[in-house]
Amino acid sequence: MKILLVFDFDNTIIDDNSDTWIVQCAPNKKLPTELSDSYQKGFWTEFMGRVFKYLGDKGVREHEMKRAVTSMPFTPGMVELFNFIRRNKDKFDCIIISDSNSVFIDWVLEAASFHDVFDKVFTNPAAFNSNGHLTVENYHTHSCNRCPKNLCKKAVLIEFLDKQLQQGVYYTQIVYIGDGGNDVCPVTFLKNDDVAMPRKEYTLQKTLSRMSQNLEPMEYSVVVWSSGVDIISHLQFLIKE
């Protein structure tokens, strides 16, 4: 009987947004106006596909992108948190559900040797094509009208839990650790023993506090964090219970 830890990636595991961070590889560290203006709400992955094509066309190579991505700082206390989880892997399963991409997340986990902490990573699949350009695809299609069209984190979480159940794996509770607007949807799925852990002062925390002020029904408990060390304290409390 384990606890499931669900992590977002950008602004949760790492202390920045990998998709905007990569822009530093562009000439003059910025995108041309017509490219940056081409983003349409809900179509971020398509937008990033154009950004990666632009970087490739400008001669930015894989090793340069990797160097940039792996220089992103971890959020304070995350390294300590992952070491704590690693020491307690008998008590936790750990997954990432992210709107970043598989190449960036792989690079970060590999550079810091944290692959073993995570049982599964769900994100937009990416790969370098024969021209050396990074290409990215939508993770899936879904019918949720709350989420961007490439990724509904709640749908991913439900599918994962169903598969685990078929394998005879049942979780005593879910702890969801995130920061952003696209983390609201999966949090609404949480039940009464579960814990939503929004990062302090970020969109998820502001949205959940607005929901509780509006007296929207919330079965789960909410524990706000600023550092991975806050998360360790709460996990220690949960496994002691």
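Quick reminder: no glycine exception, Cβ is built from N, Cα and C everywhere.
Positions annotated as active site, nucleophile by TrEMBL: ASP8. The active site, proton donor annotation in TrEMBL covers ASP10. Taken from TrEMBL, the feature Mg(2+) binding site covers ASP8, ASP10, ASP179. What TrEMBL lists as substrate binding site is ASP19, ASP99.
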Protein Cβ atoms within 10 Å of ASP99 (substrate binding site), excluding its own: 24
Cβ-centroid neighbourhood (8 Å) of the Mg(2+) site, ASP8, ASP10, ASP179 excluded: PHE9, ASN11, THR12, ILE13, SER98, GLY178, GLY180, ASP183, ARG199, TYR202
Separation of alpha carbons, ASP179 (Mg(2+) binding site) and ASP8 (active site, nucleophile) (Å): 7
Cα distance (Å, whole number) from ASP179 (Mg(2+) binding site) to ASP10 (active site, proton donor): 8
Nearest-integer angstrom distance between the alpha carbons (Cα) of ASP179 (Mg(2+) binding site) and ASP99 (substrate binding site): 12
Residue with minimal Cβ packing [other Cβ atoms within 10 Å] among the recorded positions ASP8, ASP19, ASP179: ASP19
